[in-house]
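What follows is a short report on a single structure.
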Amino acid sequence: MKHQRVPVMILHSKGTMASWPFSRLWSISDPILFQVTLVATLLATVLGSCGIPPYLDFAFPINELNETRFETGTTLRYTCRPGYRISSRKNFLICDGTDNWKYKEFCVKKRCENPGELLNGQVIVKTDYSFGSEIEFSCSEGYVLIGSANSYCQLQDKGVVWSDPLPQCIIAKCEPPPTISNGRHNGGDEDFYTYGSSVTYSCDRDFSMLGKASISCRVENKTIGVWSPSPPSCKKVICVQPVVKDGKITSGFGPIYTYQQSIVYACNKGFRLEGDSLIHCEADNSWNPPPPTCELNGCLGLPHIPHALWERYDHQTQTEQQVYDIGFVLSYKCHFGYKPETDGPTTVTCQSNLEWSPYIECKEVCCPEPNLNNYGSITLHRRPSTSTHCTYISGDKISYECHSKYMFDALCTKHGTWSPRTPECRPDCKSPPVIAHGQHKVVSKFFTFDHQAVYECDKGYILVGAKELSCTSSGWSPAVPQCKALCLKPEIEYGRLSVEKVRYVEPEIITIQCESGYSVVGSENITCSEDRTWYPEVPKCEWEYPEGCEQVVTGRKLLQCLSRPEEVKLALEVYKLSLEIEILQTNKLKKEAFLLREREKNVTCDFNPE
């Protein structure tokens, strides 16, 4: 196929005409469309074609389309559909040769006018006021809508208008409130009541109101005024006061109750409430919820403890009729002449199984039978009672005689012991033993049983053993004590003791150890002896001269153990100098003493009688 030559075209910016070089017969009213058409025509000779153009919601072709294929560059002019207006001069579609029609939206929806404000209501705009849009109308609380609840922007002639006019919102109205039997309301004789109005009902005497006393005019479904809630009714309601065993009323005292009156119950001490404590009188003359019950929640009465009595609690005496809470503790004590059988608290506790805990029994107090050992006899026995299995019980009194010359009395106490002591006759004892470095004192001049001797030691001695001895059937008891010597702590220069104490007791032994460089002169072990001295005598700690050291002795000892001869020489010179100083000081003291004696010789005593 032979391609045609494309002629040159010149467009005038200010004119509406375009000329071909070989003809002046072409006249173009729309230069832009002409230019686009020309370019599309030129492209069509090179590229492909397009199918039927797409359907547009906002526009349709000006000319009827009879073809199904269009060459590249074909331009189709469109016009806006009803409800739309043109927004661009490029109201056409162009075939781009790739089977696509290219265009930019050139029509927009027309807009309806602002519907205005709705008195006592609201205009709800879903999107905007454009063609096809919807608006809704609603009224404020207490108002009803008269008219359409919505409106649409629709076509009319060549323009767009709202389908429905602006409605009205008028205040809701209710019919007069209903009348009720055996009651009335406080409203007037008005033909109607506006939204928010209320009336209050009251019942005739002896009638109870079932329901709410006041009702109000409300709006139902946003369309009609109704009374809410429903009017009450008046009915004779009588509830009889229920009896709750082991319970009591704390609020709402009757005995006759009407509708919705209430009672509050509580249980007596030791009982547990089962059910609701608050009940109401209902319209059917019954109580709702049902009256509660009081269940036992403690220990009823007191346990029987023989030979015991209960102690007072909160200044009150316990009784068999009382109920005691779980965990409640009661104390008891045994009768006179009785005591707890075992050690432990004399209490009982109310347990969770509503039973009392086990208790310690009270056992009769018995005193032991006197053992006079054939040295005496009981002369009198006075007892408070004979109903006992004991020979001697609490309160018994006896008199007994020992050695046919000593008389004693004894009382059986509540603790099962004799007072002042257990009756006993023992043989007489000889004089208490004599001990070295000590002496004894006796309580009585007769050394009879139970008499005592008290020992004490001389100064510088300490008692070892029992201080007091008693006269028993086997003699003086316990063993005779001893008086042991006390030795003072030895003072040893440069030494230390194995046991450091202020005083040491005969025959205590200590060991002496000397400090480093010193050795023990004497016995290392010394013993505290009976004469309060150390035996052997206390040792000394003396200096031990190391091997290879120089020694100088002149009235005292000086030892220098030095490594170099120069140091040894210096030490000896220092020692020599110290000796010279000591000699000078001694001579000075001697001279001063001589002068003092000379002055004393020259002192005379002058006597002047005047």
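Backbone N, Cα and C define each Cβ position, glycine as well.
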**Cys169: disulphide-linked cysteine among Cys139, Cys203, Cys217 [source: Swiss-Prot]** = Cys139
**Message:** Pick from Cys294, Cys299, Cys390, Cys402: the cysteine that Swiss-Prot pairs with Cys350 in a disulfide bond.
**Reply:** Cys299
**Request:** Report, in whole Å, the straight Cα-to-Cα distance of Asn221 (N-linked glycosylation site) from Cys169 (disulfide bond).
**Result:** 14
**Request:** State the three-class DSSP label for Cys528 (disulfide bond), counting H, G and I as helix, E and B as strand, and everything else as coil.
**Result:** strand
**Item:** Whole-number mean of pLDDT values that fall within the domain 'Sushi 6' (365-427)
**Value:** 78
**Fill in**
Candidates Asn66, Cys402, Asn525 (recorded positions); nearest Cα to Cys412 (disulfide bond) turns out to be Cys402
**Request:** Based on Cα distances to Cys139 (disulfide bond), point out the closest of the disulfide-bonded residues Cys50, Cys234, Cys528.
**Result:** Cys234
**Request:** To the nearest whole angstrom, state the Cα distance for the pair Cys267 (disulfide bond) and Cys487 (disulfide bond).
**Result:** 83
**Request:** Using the structure shown, find which entry in Cys139, Cys234, Cys239 (the disulfide-bonded residues) has the sparsest Cβ neighbourhood within 10 Å.
**Result:** Cys234
**Complete:** DSSP, reduced to three states, assigns Cys294 (disulfide bond) to strand
